[in-house]
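Colleague: Got a structure for you, questions after.
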Amino acid sequence: MGCISSKMSRSDGNVKSLLMIGLDGAGSTTILYRLVLNKCIDTIPTLGVNQESLSFGGIEYDIWDIGGLDKMRPLWRQYSRATDAYIFVLDAADQQRAILAADELQAFFDDMYVKSQEIPGDPLLVYANKKDLPDAMTESEIESILKLPDLPVSNYRIVPCCGKTGENLREGLGWLTDELKQTVTNSDFMT
């Protein structure tokens, strides 16, 4: 993939970088390609990085989908320095792994804060994937398990979705787009 800093730099307003992370099997790659190609494709666990570009709501996005296997999770932090927003994909039907997902999400933000001494402050979209399965958790259960109010993000939203069918994916990206546009408006106002 090359040097991370040369491939991914903090956007200048024309292109926004989104970091998509989640445990293996949560469905981040399925969601990425459903958004980009508008179809479900067969995927295997990501052993590295998938990068795709997408135009949505008047914004050009570079979406970086980082593998969620245990040995891949340290890469999450390396790609975090140059992102404009975060997408965390959770398997909403797997309550046992939701605890591990919460721990990994908290460790991700803790590590960023310790290294940079800055609170990240970017928006977080949580795709609660596999909402079509019978044991899918509610939004309030997910908010509690992931401890979302305690995370150092400017705002967050949980969007129950189904990566295979595409249900609610565009709604989630629409919210994130509005958040990023609001950030640009606020920063223009401050200067």
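The backbone N, Cα and C atoms fix where each Cβ goes, glycine too.
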Colleague: With G22, L23, D24, G25, A26, G27, S28, T29, N129, K130, K131, D132 listed by TrEMBL as GTP-binding, which of these, G68, G172, G174, is given for the same site?
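Modeller: It is G68, as the record lists it for that site.
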Colleague: Taking 10 A as the limit, how many CB atoms besides its own sit near the CB of D132 (GTP binding site)?
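Modeller: Other Cβ atoms within 10 Å of D132 (GTP binding site): 15.
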Colleague: Counting other Cβ atoms within 10 Å, pick out the least crowded of the binding-site residues S28, T46.
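Modeller: Result for the binding-site residues S28, T46: minimum number of other Cβ atoms within 10 Å at T46.
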Colleague: How big is the Cα-to-Cα gap, in Å, between A26 (GTP binding site) and T46 (Mg(2+) binding site)?
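Modeller: If we compare the Cα positions of A26 (GTP binding site) and T46 (Mg(2+) binding site), the gap is 11 Å.
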